[in-house]
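K.L.:
Shown below is the structure under consideration.
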Ligand code: ADP
């Protein structure tokens with residue numbers, strides 16, 4: 001194959017991002033360096049009760065990735081493999097924090113491979129600094145007005161504060 005004809009490598013990093021944390025952001029930074037384009041895709045999952053709407057989550061993701069020109073923020077409510085085809089992407093990025101993540105992620109990756117064998121899942125190990133970090137933990141701390149400044153970007157900290165002061 002002529003190298004000039006090499007297709008663009010497009011990866012999708014799917015997730016709830018409710019809200020985005022430094023753990024997610026670390027994966028985004030690292031993945032964006034490895035692919036021509038990285039699409040961070042917020043799952044519009046009607047069976048979960050998210051704290052932030054899909055638009056709010058996308059908005060926060062856009063703000064915290066604005067210095068990364070090859071990162072695009074999108075959302076989807078279709079089957080992931082079908083969404084990937086529509087975006088001409090063939091790599092799924094997922095993060096692994098622990099053995100407990102691994103079980104679930106393996107099941108997910110195997111299912112996606114079964115549905116479309118052209119699609120490859122690539123796992124990125126968490127930055128050890130963030131191995132304990134999840135969106136749920138952040139929401140739990142913020143609910144009790146705890147300090148989340150080491151866990152999420154400033155924009156997310158403000159958004160959390162706004163949500164919780166509205167609820168009090
Ligand atoms: P989902 O509901 O799809 O698990 P999340 O937003 O919780 O969505 O996570 C999206 C992806 O990011 C998952 O692969 C998850 O394992 C990974 N992830 C979440 N937090 C971290 C972290 N602190 N370090 C590395 N990967 C993470």
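Heads up, residue numbers simply count up from 1 along the chain you see.
Here the Cβ of each residue, glycine as well, is placed from N, Cα and C on the backbone.
Automatic, uncurated: that is what TrEMBL annotation is.
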K.L.:
Can you find which of 24, 113 TrEMBL lists as binding ATP at the same site as 16, 17, 95, 96, 97, 105, 130, 131, 132, 133, 134, 135, 136?
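P.N.:
It is 24, as the record lists it for that site.
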K.L.:
Quick one: pull the CA-CA distance for residue 133 (ATP binding site) versus residue 16 (substrate binding site), whole Å only.
P.N.:
14
K.L.:
Looking at the binding-site residues 24, 96, 105, 131, 135, which has the shortest Cα distance to residue 80 (substrate binding site)?
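P.N.:
Its closest listed neighbour, by Cα, is 105.
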K.L.:
Among the binding-site residues 24, 48, 94, point out the residue whose Cβ has the most other Cβ atoms within 10 Å, with all shown protein chains included in the count.
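P.N.:
Per the Cβ count, the most surrounded site is 24.
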K.L.:
Where's the emptiest Cβ shell within 10 Å among the binding-site residues 96, 133?
P.N.:
96
